[in-house]
Amino acid sequence: MDVSKVLILTLIWLLTADSAPPDYVTLTRKMESKILRVMGLSERPRPKPNATAPQYMWDLYRQQMAATEGAAASRGGETEIGKEEEEDGRPCSETKLSSNIIRSVSHTGGDLRASNSTSLQQILLFDVASIPHAETIEAADLRLEIPALPSATDVPSLAVRIYQLESRTRLNSIVSLKDKRLRLLDVVLADLSQGYAGTIDILSTVNSWRSKKTSNHGLLLHVELMSTSGNNRRGSQVIKELGAISKKCTANLIVTSSEYRQCSKRNRRNKRQAESEAPADISSFPTASLTNLCQRHRLFVSFRDVGWENWIIAPMGYQAYYCDGECPFPLGERLNGTNHAIIQTLVNSIDNRAVPKVCCAPTKLSGISMLYFDNNENVVLRQYEDMVVEACGCR
């Protein structure tokens with residue numbers, strides 16, 4: 001079953017589980033377990049009470065929300081009926097993106113500490129085994145944030161070097177840059193008075209860790225003050241100041257991955273064509289009033305009400321909508337029925353025992369972005385498709 005369908009069913013059942021019979025509650029919990037597995041979670045995540053999402057992930061979430069709202073606004077002139085893309089069911093050779101997944105993986109290594117009077121070091125360890133193998137990693141970046149030292153305007157830049165450790169190293173140990181176990185991945189310069197926030201591409205390294213778990217010995221972050229023109233005392237002082245705020249220096253692995261699924265070719269039926277074929281007077285339907293016709297209705301799903309607010313960061317709920325209403329005979333184009341639905345309605349009108357009536361169902365769906373903690377307290381931003389009903393029709 002598609003993840004979005006499972007999620008919708010689970011949320012509806014969880015909302016009514018408290019007043020339900022024991023068997024119903026058991027079924028609800030089983031459905032919850034299923035959706036958690038589909039999401040790559042072994043159980044309900046239980047992040048620490050003070051756990052927060054990095055600002056960077058919040059920014060990405062808001063960007064996705066803005067893009068979604070912009071797309072919705074551009075469709076504002078369309079009606080809920082008559083904008084369907086018909087699917088002919090033929091498989092296509094291409095694949096389409098099922099979901100975009102962005103994870104912020106926190107490191108479990110040592111502390112940032114002075115290695116000498118002009119540099120600091122930190123060993124970074126990242127658990128990439130938590131990324132499901134069903135996902136294809138598209139990008140992997142080390143995101144570094146070093147706070148600004150406004151008093152450091154009189155010192156040169158910082159050289160930030162990232163090395164891959166090719167053998168096991170004790171945490172909080174000082175590693176010589178001449179050590180043969182080090183492989184330089186990248187070096188960037190940072191103005192300490194302005195601080196630094198940026199990413200370094202380490203996709204090849206992460207892929208090597210993923211293909212061979214025993215090769216994951218982590219990274220070495222080496223931060224060194226460039227030459228202070230003989231003023232070693234000032235350089236040493238700046239390094240001490242930076243060391244004092246080392247807890248504010250952050251290093252996270254940002255992994256972008258995707259899941260793919262087979263797609264189907266679609267034949268577009270444009271709105272203008274549907275309107276030109278529609279009956280001039282929709283009120284002429286004999287068996288249903290306008291208010292009872294198949295249409296979209298509001299349905300707000302609250303994650304707080306189902307007890308998921310501890311691990312879902314955003315949104316706390318969303319408008320899912322649902323389809324309900326009659327599909328009367330004759331079935332007009334404005335009810336967005338397929339050719340099959342029109343034929344089925346005709347046969348049903350002749351002999352209602354031969355075939356059932358067609359049903360009011362979603363004909364166009366859109367996705368939502370969710371920001372949440374996984375079982376390893378990684379922050380995940382994921383786009384789930386087919387979560388919001390955009391249009392309804394008779395099927």
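The backbone N, Cα and C atoms fix where each Cβ goes, and this holds for glycine too.
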Going by Swiss-Prot, the cysteine from Cys249, Cys263, Cys323 that pairs with Cys392 in a disulfide is Cys323
Partner cysteine of Cys394 (disulphide bond, per Swiss-Prot) from Cys327, Cys359: Cys327
State the disulphide partner of Cys294 as given in Swiss-Prot, choosing from Cys359, Cys360. Cys360
Cys327 (disulfide bond) to Cys294 (disulfide bond), Cα to Cα, whole Å, comes out at 6
Relative to the Cα of Asn50 (N-linked glycosylation site), which of the disulfide-bonded residues Cys294, Cys323, Cys360 has the closest Cα? Cys323
Spatial separation of Asn116 (N-linked glycosylation site) from Cys394 (disulfide bond) - C-alpha basis, Å: 73
Asn116 (N-linked glycosylation site) to Cys323 (disulfide bond): how many Å between their Cα atoms? 67
Using Cβ-Cβ distances, find the residues under 8 Å from Cys360 (disulfide bond) that belong to the same chain and are at least 6 apart in sequence, listing them in sequence order. Cys294, Gln295, Cys323, Asp324, Gly325, Glu326, Cys327, Cys392, Gly393, Cys394, Arg395
